[in-house]
């Protein structure tokens, strides 16, 4: 590993040690204890010194113990990025080198399964649907991915298969797109149910259907593609094809996919004017990658080949289509680096080595050593002002996790939390 990358990683490690000693009560995967634990589990794999490895194990145990205490004292939601399934994911990662975490993972998963089989069986869940109920960060997509990974690991949980089936049924139903009566599609959200970050509610007074990976149709598509690999059926395959056909309908050769789709005067889909957005959460990076993975899961070579070409196009334009001061996972450069590296290992014809090297060099030399956290983001609400955060989603730990995985060639087992695998 290069000296600068190593310096960055140990800076992030020291942050984790410091937060373990602090009064931090945030259990979240996005910016809290679960995310810290996931970074530590990944960093552990790249460290050679036994003393440091033992220290990481000790710190990680304390971090997860703190998270569990907060769950017991406060209660929590099921959310992947903000709740119980995020802590379960941290246990799943730590379980790779500490088998004792399987007991805690089992306990958490049982609690999730019991709640899923009540909440998502309730027909009232389809009334006044919000993105937090179905999306990756908060809702059914993230919960489904977590339960699917537990299932694949062979952990014995009563009614686990039933819970996955229940969530799959829910996600299929909410992602039916009515082309002729577009605003009546369940995913078409009124303005007051759109994300409050940014200016979505102000800019979209008549509502919209969100497309992106984090809160939209692409996230559901990626999740269903993952589930299809475990529980294939003709019905699910057809539904995945229907979503792919809709996304192909709204695709533009020069700017790829919009962040959202409006309803026209005759209540059919209307694609707004938009620019190339290479971000993961709302942009074409996440959408196109979901298209690639789901197309491959149902063995549709045509859509998969087009998605590969579109991803290559995004990587070739990385200097132009992303805010250069956003280096984070959510909508910044880190997610592009990670996906480019994954694809470059799988496909011989992409030849992304030079691009990956350039993106990594730009990132590590952009570290701001005057700040507590090294890597910047530019949030829409800050109007161009930089911010520096800690977490995996929007901060230093996410960037460092990518650097460790790519530069050290370390497999990040939990990359599925971003629908990366």
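Just so you know, glycine gets a Cβ as well, placed from its N, Cα and C.
All annotation found in TrEMBL is predicted automatically rather than curated by experts.
Taken from TrEMBL as is:
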type: BINDING; residues: 281, 330, 331; note: Zn(2+) binding site
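The residues near the Zn(2+) site, meaning same-chain residues not in 281, 330, 331 whose C-beta sits within 8 angstroms of the mean position of the site's C-beta atoms, are 214, 279, 280, 282, 283, 326, 328, 329, 332, 335, 393, 394, in sequence order. Of all the Cβ atoms in the protein chains shown, 26 others lie within 10 Å of the Cβ of residue 330 (Zn(2+) binding site). In this view, residue 281 (Zn(2+) binding site) is surrounded by 27 other Cβ atoms within 10 Å of its Cβ, with every protein chain counted. All chains included, 27 other C-beta atoms sit within 10 angstroms of the C-beta of residue 331 (Zn(2+) binding site).
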